[in-house]
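Colleague: Can you keep this structure in mind? I'll have questions shortly.
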Ligand SMILES: Cc1cc2nc3c(=O)[nH]c(=O)nc-3n(C[C@H](O)[C@H](O)[C@H](O)COP(=O)(O)OP(=O)(O)OC[C@H]3O[C@@H](n4cnc5c(N)ncnc54)[C@H](O)[C@@H]3O)c2cc1C
Ligand SMILES: Cc1cc2nc3c(=O)[nH]c(=O)nc-3n(C[C@H](O)[C@H](O)[C@H](O)COP(=O)(O)OP(=O)(O)OC[C@H]3O[C@@H](n4cnc5c(N)ncnc54)[C@H](O)[C@@H]3O)c2cc1C
Ligand SMILES: Cc1cc2nc3c(=O)[nH]c(=O)nc-3n(C[C@H](O)[C@H](O)[C@H](O)COP(=O)(O)O)c2cc1C
Ligand SMILES: Cc1cc2nc3c(=O)[nH]c(=O)nc-3n(C[C@H](O)[C@H](O)[C@H](O)COP(=O)(O)O)c2cc1C
Ligand code: FES
Ligand code: FES
């Protein structure tokens, strides 16, 4: 049987399949639905220093093979997370070994730093710095576009945070390789990409944009080929691990990212079409590996780059 | 009955629906399949000064609600186009009124200028300058990313070309509004966007990228929400007409672009799923308009921006 | 007890009206039995097929002995059209039970005169509600409003005290709004499911009369289990609650304010 | 005469082998009649459903009197699986005829001893080819290779001179390659459709013996009508040709070099 064990920043995960931030709550919500022993980790819903309600108006919109969301980082705040939700994540970890990842957003550099400092003192395993949320008007996104701005905020967070730091990139980055290099240079331990793609939908009957913010974030299988391209670029640009995501819905999808060089993968929107998507993806990866005589992911990680 | 007549750069088209470059040959290929009296114009296959074979290896790959292509601007060259294919386009125009658009790519500024100068002397109606093809290694793409580079090449082509000039943008542009402003300032008469999205696919069995160039261009309904967002940004950034495209497959899709402010739309990949897509889209637009008491496109063009 | 995700089998599938269907399915998971006001998400198409999201439908009736669940639903768009294609013996993806539902034991203990109010397809969950109330010893009065043609009303006679119907067209029963059928002052509590305007109206009248009112809300849902925050509704406290997890049933004063 | 896009009706649909199907459909467009070696694209699913592209299938048999077209195809992946679901009376999107096909009148006039060679599902177009050749007065010799089990061979007896079969497993007929069944030197022309390696091999032997050889190529196709340049094959001249429009039938020396 193929061994899916995956070492991410020193944590040995049961599989490379991580629940993507914002789609799996803090893990417990899915506990009875999926076999967590096959899930590598959970990235919790994106946090901001202070809790917030998120966006008003429409929050979800279906598109061909995709979903646009405009949640707007609704969350209970970092301290509440540490007091309550983190403990649930750690219980899951104890039971199943799922690595606990805190996803941190922010509206200013100060907020990022303060939130990261709090998480630094918590029992969370990894901090995923979200510099890429397209759904908050101020902040988030700005850092996701310009490499210098991203490097700056990562440097400040790095200084404030002793936890392994994974920086989550936006597909709106002006230049993916430069962005990757900037966050690596600023002290990131890993990179995850991509967050959602800035998108728009118009409600014909109302003759106005579906979302109050006009733009919102597209994800799901529709974006997978673009996300895979960006992951390919990221792996080529840096020496730190790259966690790939964007539209992964099957074991074959996940293996494409692994063959492009990703250390692990995250699964977001696919959880909505199949609540057992994460488990199914891990199973399908193992099946493919078994059928092809591949024993560990090391044997195939990055193999598609050999011809490069 | 709703009137779909659309004025694009002085040409009154039967409908706002234009066949997108590279997907409808030079029009004649589709003549027996679709009712051309409902089609506004045809943008011919992308030309380069000298004819070229295009890319070797896999050229087509299906993805969820999308298609990745790596044609690589196979074309007979500008002069051959003027001597042969343009005449076919003009025959169509005579029969049905479909505006003849020449799509021009290039590998260097000199090539762009030389090609544009030849087209300037031809009987073509509009020149669509493709500064955005993701499938040619040198050129094309470079101009599509940086606003200054784009402005520069548009300025040179503008000087060499008396024809109405529509500049076709890439979704890989670092900054869509800045890009739009740069090409407007450089003399573009209209903007069309988007071209295909740079994407990647990996063949698991071969354990290598599907395409020889590793990356190729994604289009089809999958990308529509992103393309619509960019078209929204473009309309907000410039005062010249914007022609929207990317994943349009139904009348409703086309109307979203019109409500975002697009003057006309182009239809690409959808022609492959339904050879009568262009005609069907025009019919569906008219049906929606009839059902909603909308008599002309002017009544609704850009209406979704009113709340802005 | 959280939700399970199972392959359910269609036992029967009836057309009640041109756009109304009654789907009976075998719910294989005995451990996850639903109660009144809860819902399931249904998916009668592949994970890779449109629509992207599964569709939430309330429990119309649940028979624990036979593990049979009934869904009463309206065919509206792509998702319900695909569900409507299911034939006896077909299987489909069923996830649930989800949501808090109505807390029938608590309601039956606290209140003695209960009005069950439904509008249109919002009557769907009210059958299980009425049954459970009756079983708990509190036969409610039932007031349903429809546009033109009432449906699935037969079985209420034995489990309700009173059953009254209104229609917008006057075709059947009282010609007018369902809210005109009863006076909240006569009741200890009012339970409502229907179009948002109707619920808001009914809740306002209840508030005026000081009668506790519980409403079952609808929001577009992605996960159905409180994980995505796609279905958040505004609450008086301002913090927002997930309709799928903290609801769909809310004290009306919490969500209409 | 270019292609038309019509809704075609299934007249019958047979399983020949577990993965081989024979689909008979009514092609409504009399003006666009196909000939041997041409193909249609089939779409038994919505324009908004996967797979994105329609699937090209050759004309196995065309009966002008009844406007009946037959497709013999192998169920391989998503597209052919969906086509395989079609039942008698169903309609589907059929576009064609496409491609040059074999120029039977010219072939029959120029050549008198013709070998028709097919490999596996590559035999599908060869039935119409053989019929048209016979009708033009040149009954060909037919040589087909299969992996294990030949299919749809019965009707060749009356329209071919000789019919010989080889199988990879030796289960039926000659145990070996189809190229071992005949000597190109005995023929004025060889017409081939089958796996690329097989065609290349056969074409090489023909070239050695100086026998003209025509091959029917396969390439992934998007438009099928020469508009997208997705199906370009390399040609001796270097300019590249569209398999869908300039082919699928080529003089072997043009494409295998
Ligand atoms: C908790 C709950 C219980 C429900 N119970 C019933 C019931 O018992 N009987 C019944 O007929 N209907 C019920 N509904 C409504 C039902 O979910 C929608 O009618 C259905 O989703 C429409 O889907 P569609 O694809 O057919 O139509 P669409 O055209 O896709 O959508 C029509 C409308 O349905 C709603 N809708 C669409 N997708 C979703 C989604 N993923 N989640 C929630 N709402 C959505 C939206 O308001 C949308 O505008 C319930 C909804 C909720 C939230
Ligand atoms: C001109 C022509 C005539 C053909 N005639 C026949 C025939 O008579 N009988 C028959 O069984 N098969 C025929 N084929 C092959 C048939 O088109 C493929 O088997 C079919 O497209 C497979 O689709 P799928 O979705 O089932 O499998 P997939 O798993 O999607 O694809 C399997 C393989 O089929 C080919 N293929 C996929 N999509 C296309 C496409 N859009 N265009 C062309 N090839 C594609 C590719 O090589 C792919 O690797 C013909 C192909 C061509 C080009
Ligand atoms: C409903 C929803 C909420 C999300 N919330 C967050 C978030 O809070 N923080 C974050 O970094 N990403 C968030 N994302 C982005 C996902 O984590 C992921 O990056 C993106 O959806 C792409 O992956 P997918 O295609 O597998 O969904 C959210 C996505 C969705 C669909
Ligand atoms: C097969 C194919 C070939 C294309 N060739 C060209 C081209 O030569 N020049 C160009 O500007 N765009 C080309 N495009 C891009 C389309 O014109 C269009 O911009 C893109 O496909 C997005 O539209 P769609 O989603 O409707 O296909 C091509 C697209 C496809 C699918
Ligand atoms: S639907 Fe996901 S939180 Fe309610
Ligand atoms: S398939 Fe489009 S040119 Fe051949």
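Backbone N, Cα and C define each Cβ position, glycine as well.
Where the annotation comes from TrEMBL, it is an automatic prediction and has not been curated.
TrEMBL lists these features:
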BINDING   C:55, C:56, C:57, C:58, C:72, C:73, C:74, C:79, C:80  FAD binding site
BINDING   C:223, C:228, C:231, C:244  [2Fe-2S] cluster binding site
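Just tell me what is around each of these and how deep it sits.
Modeller: Residue C:72 (FAD binding site) has a Cβ environment of 23 other Cβ atoms inside 10 Å.
A simple way to gauge crowding: the CB of residue C:223 ([2Fe-2S] cluster binding site) has 28 other CB atoms within 10 angstroms, across all the protein chains here.
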Colleague: Nearest to residue C:57 (FAD binding site) by Cα, among C:228, C:231, C:244 (binding-site residues)?
Modeller: C:244
Colleague: Out of C:57, C:80, C:223, C:228, C:231, C:244, which binding-site residues come under 8 Å of chain D, measuring Cβ to Cβ?
Modeller: none
Colleague: Tell me which residues of the chain lie with their Cβ under 8 angstroms from that of residue C:244 ([2Fe-2S] cluster binding site), as long as they are six or more apart in sequence?
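Modeller: Long-range Cβ contacts: C:56, C:98, C:99, C:219, C:221, C:223, C:224, C:225, C:226, C:231.
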Colleague: As a test of the contact definition, list every same-chain residue at least 6 positions from residue C:228 ([2Fe-2S] cluster binding site) whose Cβ is closer than 8 Å to its Cβ.
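Modeller: Listed in sequence order, they are C:222.
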Colleague: I need the neighbours of the [2Fe-2S] cluster site defined by C:223, C:228, C:231, C:244. Which other residues of that chain put their C-beta within 8 angstroms of the C-beta centroid, in sequence order?
Modeller: C:221, C:222, C:224, C:225, C:226, C:227, C:229, C:230, C:242, C:243, C:245
Colleague: I want the residues beyond C:55, C:56, C:57, C:58, C:72, C:73, C:74, C:79, C:80 whose C-beta is within 8 angstroms of the mean position of the FAD site's C-beta atoms, in chain order.
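Modeller: These residues sit around the FAD site: C:42, C:71, C:83, C:121, C:124.
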Colleague: For the binding-site residues C:57, C:72, C:74, C:223, C:228, return the ones with C-beta distance to chain A below 8 angstroms, or 'none'.
Modeller: C:223, C:228
Colleague: Which chain-mates of residue C:80 (FAD binding site) that are at least 6 residues away have a CB under 8 A from its CB, listed by sequence?
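Modeller: For residue C:80 (FAD binding site), the qualifying residues are C:55, C:73, C:74.
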Colleague: Out of the binding-site residues I have (C:57, C:72, C:244), which ones have their Cβ sitting under 6 Å from ligand 5?
Modeller: C:244
Colleague: Could you check what DSSP calls residue C:74 (FAD binding site) once collapsed to helix, strand or coil?
Modeller: strand
Colleague: Within 10 Å of the Cβ of residue C:55 (FAD binding site), how many other Cβ atoms are there?
Modeller: 22
Colleague: In three-state terms from DSSP, label residue C:223 ([2Fe-2S] cluster binding site) for me.
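Modeller: In three-state terms, residue C:223 ([2Fe-2S] cluster binding site) counts as coil.
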